[in-house]
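Just below is one structure, and these are the notes that go with it.
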Amino acid sequence: EAGEECDCGAPENPCCDAATCKLRPGAQCAEGLCCDQCRFKGAGKICRRARGDNPDDRCTGQSADCPRNRFY
């Protein structure tokens, strides 16, 4: 929703403050295939294995989202 940085949920979420729906201090992300322990996974980390002859999808290091490669 508008103004939220992360989905409010359980209070014990280490990345997201359930009261404010904002990322906790030092957190870059709260969820996503390219988010690991509240931080973006490094550029080039595989986030989705390829099917067929297409290459694997890899994290950019700048987002928690796993971008689809251009070959699909």
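Please read every residue number as a count from 1 along the shown chain.
Cβ coordinates come from backbone N, Cα and C, glycine included.
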**Report entry** Record Swiss-Prot, residue C15, disulfide partner from C35, C38, C47, C59
**Finding:** C38
Query raised in the report: According to Swiss-Prot, which candidate among C29, C34 shares a disulfide with C59?
Result: C34
Query raised in the report: Among C29, C47, which cysteine is annotated in Swiss-Prot as forming a disulphide with C35?
Result: C29
Query raised in the report: Whole-number Å distance between the CA of C38 (disulfide bond) and the CA of C47 (disulfide bond)?
Result: 16
Query raised in the report: Under the DSSP assignment, what numbers of helix, strand and coil residues are found in the domain 'Disintegrin' (1-72)?
Result: 0 helix, 13 strand, 59 coil
**Report entry** Cα-to-Cα gap, C34 (disulfide bond) vs C66 (disulfide bond), nearest whole Å
**Finding:** 6
Report summary line: If you rank the disulfide-bonded residues C34, C47 by how many other Cβ atoms lie within 10 Å of their Cβ, the lowest count goes to C47
